[in-house]
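Pulled from TrEMBL:
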- 23-522: domain 'K+ potassium transporter integral membrane' (DOMAIN)
- 534-775: domain 'K+ potassium transporter C-terminal' (DOMAIN)
- 60-81: transmembrane segment (TRANSMEM)
- 155-177: transmembrane segment (TRANSMEM)
- 197-216: transmembrane segment (TRANSMEM)
- 223-245: transmembrane segment (TRANSMEM)
- 270-290: transmembrane segment (TRANSMEM)
- 302-322: transmembrane segment (TRANSMEM)
- 347-372: transmembrane segment (TRANSMEM)
- 393-417: transmembrane segment (TRANSMEM)
- 423-447: transmembrane segment (TRANSMEM)
- 454-477: transmembrane segment (TRANSMEM)
- 483-500: transmembrane segment (TRANSMEM)
- 520-539: transmembrane segment (TRANSMEM)
Amino acid sequence: MDLEGVLHDSPIKRDSWKTVLTLAYQSLGVVYGDLSTSPLYVYKSTFAEDIQHSETNEEIFGVLSFVFWTLTLIPLVKYVFIVLRADDNGEGGTFALYSLLCRHARVSSLPNCQLADEELSEYKKDGSVTVSSDKRVHGSSLKSTLEKCRVLQRVLLVLALIGTCMVFGDGVLTPAISVFSAVSGLELSMSKEQHQYVELPVVCAILVFLFALQHYGTHRVGFLFAPVVITWLLCISAIGVYNIWQWNPHVYQALSPYYMYKFLKKTQKGGWMSLGGILLCITGSEAMFADLGHFSQLSIKIAFTFAVYPSLILAYMGQAAYLSKHHTIESDYRIGFYVSVPEKIRWPVLAIAILAAVVGSQAIITGTFSIIKQCSALGCFPKVKIVHTSSKIHGQIYIPEVNWILMLLCLAVTIGFRNTKHMANAAGLAVITVMLVTTCLMSLVMVLCWHKNVFLAICFIFFFGSIEALYFSASLIKFLEGAWVTVALSFIFLVVMYVWHYGTLKKYEADLQNKVSINWLLSVGPTLGIVRVPGIGLIRTELVTGIPAIFFHFVTNLPAFHQVVVFLCIKSVPVPHVRPEERFLVGRVGPKEYRLYRCIARYGYRDVHKDDVEFEKDLVCSIAEFIRSEKAEYNIGIEDFEEDGKLTVVGTLSSNFQGVKLCEDEAYSSEMIGSSEMREIESPKRRRKRVRFVVPESPQIDMDVQEELQELMEARETGMAFILGHSYVRTKRGSSWMKKIVINYGYDFLRKNSRGPTYALSMPHASTLEVGMVYFV
């Protein structure tokens with residue numbers, strides 16, 4: 001599936017209002033499904049046990065005031081007007097902020113960074129390059145401190161990983177609480193005995209159905225998402241207006257902040273503990289930033305400001321107006337969403353609510369897939385199978401292993417808790433932790449990337465951090481009442497991600513320390529001391545410089561090697577996308593007559609990897625273009641050769657650059673067999689590839705270049721052999737017991753149970769060799 005050109009072929013036209021409004025309409029179904037279903041469970045979770053609804057209405061009006069100002073300050077002011085501006089070339093989310101910081105302060109956890117990566121066109125497209133030099137002084141001391149202190153760099157990485165783990169926990173809890181709250185409307189239409197036997201099986205069936213549909217991709221049912229959410233928003237708005245007009249037209253007075261003061265004064269500790277339920281009104285706000293890459297800033301702002309925000313405010317006001325006139329509702333669900341729905345329309349509203357809950361759950365599941373892909377690309381998560389379900393929308397992916405793990409955990413939470421009270425406590429802690437992480441990273445982005453005054457960043461983190469810290473403390477106090485699930489899940493995933501990252505880093509450092517000197521290569525001569533057989537030998541390595549130890553290990557144990565050798569490194573860079581015309585860095589290893597090349601394929605953390613056949617064509621063509629356009633300065637003697645040769649940026653075939661084109665035709669060649677008996681048994685013809693390089697019109701190519709291109713063409717016709725390096729790491733003697741557990745058991749277990757790299761899955765086994773090395777770290 002060739003998705004590489006999709007990102008750059010159809011850029012969003014920001015000056016077209018038709019495009020903006022279309023994106024705003026689509027964002028309602030993808031981004032706001034979770035946030036729009038929060039009225040189902042906010043009041044019920046808030047009044048679960050800490051506070052009681054009294055006839056004075058101070059509690060319900062205080063909760064309404066808290067909900068209004070929380071929705072106004074966090075999603076509207078913080079996200080819509082501030083955080084959305086901190087996009088990473090159009091991409092959002094926790095890792096987008098971390099990526100920005102890595103590029104501006106050199107705190108990246110990726111070990112194979114190169115200066116050439118900073119020349120990528122998307123590396124500094126955030127406007128900071130136009131900032132005057134006097135404003136850069138604001139963050140210079142902070143930048144130097146971060147670059148020098150390894151402890152702060154690790155803290156920054158752990159902070160980003162914590163935010164990621166909490167998103168994963170949210171992906172477990174949000175489908176459970178949304179679907180459970182939607183289905184709870186059945187309790188109004190049947191007895192309590194019947195309801196307890198019907199509700200749980202229905203919820204589990206819907207969840208299984210939801211996760212089972214993931215492999216089809218959201219684009220197949222995506223056209224239903226936006227209409228469902230719009231219908232739901234219109235429904236809760238209409239019910240809210242009806243309840244305000246019917247029961248309490250003066251409920252708008254409760255929007256005053258004074259009612260928050262009266263609420264806390266009367267309820268005291270109980271009111272503070274109930275903030276964990278109020279917090280759920282902003283569940284899904286982070287999706288506005290996380291899903292930014294699929295839409296645009298303006299479209300998301302329009303959808304929230306003019307559709308989602310007013311609908312939610314009317315819905316909460318309507319529920320408060322109804323409850324202010326109904327103090328004694330004799331049932332266990334006394335303060336739920338459905339009691340405020342007129343009886344005649346409860347069944348239609350129930351159906352719409354279930355559909356809206358499914359849409360909201362779909363959004364957080366897709367978001368979880370996306371962030372796992374980012375973590376895996378940046379070396380912070382074990383390799384998993386990533387299936388792209390759409391050839392037009394790059395962000396729509398499906399990860400089978402993560403999907404089924406989410407489903408099992410979601411069912412376990414649903415069956416284990418069986419009520420929204422404990423689910424709400426767990427979900428609230430996950431939501432507010434992600435927001436706290438975003439606030440901390442945003443304050444650093446303001447100083448390091450936007451070059452704002454440090455005082456402004458301190459004001460930002462103090463104002464929003466204080467609000468979120470208040471909610472965080474109220475959620476954390478419910479640790480034994482459900483919040484422990486979030487902590488446990490996040491801790492497990494944090495350990496997995498950090499162990500994988502630590503093991504990967506140590507393995508790369510061992511590769512780097514054991515790489516072979518160029519002097520060894522020069523000492524064995526052009527033949528490398530062995531027979532050079534026809535074909536291309538493709539050696540996969542993590543190194544971007546030097547000769548990997550696996551090559552030395554291979555040639556010292558086997559007597560032959562290929563006439564053309566390519567050291568291939570597929571690396572991730574801290575940008576969301578790398579343009580096809582900047583995909584490859586190509587250079588030589590050793591003198592020209594050795595026919596050894598280095599090729600570095602660079603991908604962003606949201607890029608789509610091409611299939612193997614197309615990638616091989618791009619790889620060979622990039623080497624051919626490098627040979628054709630190579631400068632004369634490479635024609636130097638062996639004694640003058642440097643350790644690391646210069647690398648040239650070469651694009652892919654799809655980038656339409658004016659360079660060498662590759663044509664491969666299926667051809668038949670006669671094969672003469674020695675005896676007549678053999679001629680009867682064997683086929684007289686065999687299939688082989690005929691390779692042709694189409695060189696653009698240019699000045700006369702010298703004989704050396706023609707000879708080298710001819711040799712590469714013949715090697716490609718013969719075929720390609722894949723040599724995969726497999727480095728095993730073990731701890732040295734005398735290492736600490738913690739390091740032994742992490743490397744010998746933790747990392748080794750994850751490596752054995754994770755998928756191999758995607759390029760190794762479809763390689764022909766007859767052409768693949770694996771060279772193993774054991775490193776002691």
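Cβ atoms here come from the backbone N, Cα and C positions, even for glycine.
Note: TrEMBL annotation is automatic and uncurated.
If one looks beyond the transmembrane segment (483-500) by at least 6 residues along the same chain, the residues whose Cβ comes under 8 Å of a Cβ in the stretch are 158, 161-162, 164-166, 168-169, 172-173, 276, 375, 379-382, 409, 413, 422, 425-430, 433, 475-476, 742, 746-747, 750. Through the fold, the transmembrane segment (393-417) approaches residues 3, 6-7, 171-173, 175-176, 180, 200, 203-204, 207-208, 211, 214-215, 217-219, 291, 293-294, 365-366, 368-370, 372-373, 384-387, 423, 426, 482, 485, 489, 606, 608 of its own chain, all at least 6 residues removed from its boundaries and within a Cβ separation under 8 Å. For the transmembrane segment (454-477), the residues of the chain that approach it from at least six positions outside its boundaries are 70, 73-74, 78, 82, 138-139, 142, 272-276, 278-279, 425, 428-429, 432-433, 435-436, 439-440, 442-444, 446-447, 483, judged by C-beta separation under 8 angstroms.
Using the rule of three or more Cβ pairs under 8 Å, pairs at least 6 apart in sequence, the transmembrane segment (223-245) is not in contact with the transmembrane segment (423-447).
Taking every listed stretch (60-81, 197-216, 302-322, 347-372) in turn, the largest tally of C-beta pairs under 8 A with the transmembrane segment (155-177) is reached by 347-372.
The transmembrane segment (60-81) makes contact with the transmembrane segment (302-322): 3 or more of their CB pairs lie within 8 A, with pairs spaced 6 or more apart in sequence.
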